[in-house]
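Before any comments, here is the structure.
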Amino acid sequence: EEDMYRDEEEIEREKILLCETNSSEYKLSVSPEMDIMEYCRKEWRGNTPVAKRMRKGYEAVAQKFASIRRIRGDNYCAFRATLFQALSQATQLPRWLQSEDFTTLPENLLSKYDWIKQWQLKQKPGKKMGEISDEIKEYLILLRKKWKNISEIKDPLEKQEACDKLFKNEEEEYSLYEALKFLMLNTAIELYNADKSGRRVPVFSWLLFARDTSSNPCQLMQNHLNHIGHSGGLEQVEMFLLAYALQYTIQVYRLYKYSTDEFITLYPNDPEEDWPVVTLITEDDRHYNIPVRMCQETML
């Protein structure tokens, strides 16, 4: 089948990468550090316009960061990259995680919205919400516990080791993603209700509910959130929702947008001043990796 967007060289590069995914390194959720320009040279060897643009993009990122860590490329990679970065630099428990009613969210929402019974857990489709509200509560408790434990670690190397260990525990890792999805649903409900009652909401909220497939939170859950991790990842507008749910600014180097105003994109684009910032890299808005080791001269 002819590919109108990629030339033969790029298609061949992707085939090689797919073969490499069988290696143990690529089975890791977060691969070890690699020099960012070395990684770029390995991935983008050709002289196509796309390869040249990617190299320029990586060169720009290398002005700020020394290394890159590859994120496993399943449909959770946006969650994985964002959460790993957030935990890696966490020094305290966010206010929203300290809330007393945080862990009662599932039962509170279910008491108001019967349609949440259609929520689907990863690898457990079709379970009734009444049966899984306790499970989601456990996931939320796990998120709070892990965030608290890691944020209390003072030594940077020890903190990094704790993050690496967490993201090698597949059961815990995917439980955290289920918690994030549920927090996104809660945030979407809050924004939808705020808009309906005439309160001011961010622009992305209008875009989120302007889609034919998500005109309200119920549709958002059925057609989007339930599929994240199963058959799809996060769309652009859902990156905004994730940022609002975590109360973090997600800064993304979008390499294919190099030399345009969208090369560095912020989710949200008008963040709160006190929100921490995490930085990701993407080549195509589908898969995300993380830059690490901020260069000394830029740390100020």
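In case you wondered, yes, glycine gets a Cβ from its N, Cα and C as well.
According to TrEMBL, the feature active site maps to Asp74, His287. As annotated by TrEMBL, active site, nucleophile applies to Cys77. According to TrEMBL, the site 'Linear diubiquitin binding' annotation covers Glu262.
Per Cα geometry, His287 is the residue among the active-site residues Asp74, Cys77, His287 nearest to Glu262 (site 'Linear diubiquitin binding'). For the recorded positions Cys77, Glu262, the greatest number of Cβ atoms within 10 Å around a candidate Cβ is found at Cys77. Cα to Cα, Asp74 (active site) and His287 (active site) are separated by 8 Å.
Taking the Cα atom of each, His287 (active site) and the residue listed as 'active site, nucleophile' are about 6 angstrom apart. Within the set of active-site residues (Asp74, His287), the lowest number of other Cβ atoms found within 10 Å of a Cβ is recorded at Asp74.
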